[in-house]
Amino acid sequence: MALLGYPVKHSFSPAMHNAAFERLGLNWRYSAHAVKPEDLGKAVAGLAALGYRGANVTVPHKEQVVSLLDRVDPSAKRLGAVNTIVMAGDGKTVGYNTDGIGFLHGLRQDGFAVAGAAALLLGSGGAARAVAFALLDGGVRSLVVVNRTPEKAEALLDALRRSGAAEGAALRAGRWEEAFLRECAKEVDLVVNATASGMGKGEGSIAYPLSPKRWLSPGPFVCDLVYHPPETELLSVARSLGCRCQNGLPMLLHQGAAAFALWTGQEPPLTVMAEALRQANGG
């Protein structure tokens, strides 16, 4: 199994999946590969040639990879993003997306129900698309999508409307700016960061367009899909305000479990996978 992304050195997926393979006695190995966008086509073509049974796809390739696959599951096609590739019996590559179900299972794990909630989503890329569809499928009453480029947020909302997923929910797009974010943060029940902002440490970290200190308010449940570091600035600020918080590990666990089931046809050993993530995260 492979993980295709750029960068990938931060990923805990190899630890999680290799622990699961070992527990079930599968002679499989999961490895991470840093693949630049211009090399993605060659990497996907090489999966079958090298005997891979499947792969995960992460930032920044989730949308680009769709056009490179032989077949795409209808739910992933609706999203326009793939995070899991399965090598079918006929040798064809089949794309799926387990991010949405992983995200919802992660929220439920911490007791947050999306039905009837108002949500603020930061980002409009592949992960954000999966989260947006999952939130609407889960019954949120409203969704605000924020991006540094408002046109990209609007494009995501247009895709949601065209799919029919947005029926009954109020949708709004906006720019990542202080006044707008402060207004939204006071009104929502859930804030989700689906960007890479906050990832990494020191000089290699990815800066926020605007510090959460300047706009976040007490009240909402705050979910940051970033898990390296485990406590981002967004989560640190949220905790200081008394907000309930979650980093990206629960979503990583549950989307990985769903991918594992697709690859192996077996029940994923969730407890083993969760323990591997805990250890990879420093215990």
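Backbone N, Cα and C atoms are what each Cβ position is placed from, and that goes for glycine too.
Unlike curated records, TrEMBL annotations are generated automatically.
What you see is a predicted model, and the numbers here were worked out from it, not measured in a lab.
Binding site for shikimate per TrEMBL: SER11, PHE12, SER13, THR58, ASN83, ASP99, TYR227, plus GLN255 from the candidate set GLN255, GLN266, GLN279.
TrEMBL annotates GLY123, SER124, GLY125, GLY126, ALA127, ASN147, ARG148, THR149, PRO150, GLU151, LYS152, LEU225 as NADP(+)-binding residues; of GLY95, GLY198, GLY200, GLY248, the candidate listed for that same site is GLY248.
With a cut-off of 8 Å between CB atoms and residues at least 6 apart in sequence, the same chain places ARG175, TRP176, PRO209 near ARG148 (NADP(+) binding site), listed in sequence order. With DSSP states grouped into helix (H, G, I), strand (E, B) and coil, the domain 'Shikimate dehydrogenase substrate binding N-terminal' (3-85) comes out at 35 helix, 15 strand, 33 coil. Using a 10 Å Cα-Cα cut-off from GLY125 (NADP(+) binding site), the recorded positions that qualify among SER13, LYS62, ASN83, TYR227, GLN255 are LYS62. Distance from the CA of GLY248 (NADP(+) binding site) to the CA of TYR227 (shikimate binding site) is 5 Å. For the domain 'SDH C-terminal' (248-278), same-chain residues at least 6 beyond its ends with a Cβ under 8 Å from one of its own Cβ atoms are 1, 12-13, 15-20, 23-24, 26, 53-54, 56, 83-84, 86, 96, 98-99, 101-103, 105-107, 109-110, 223-227, 230.
For ASN83 (shikimate binding site), the recorded positions whose C-alpha atoms fall inside a 10 Å radius of its own C-alpha are LYS62, ALA127, out of LYS62, ALA127, PRO150.
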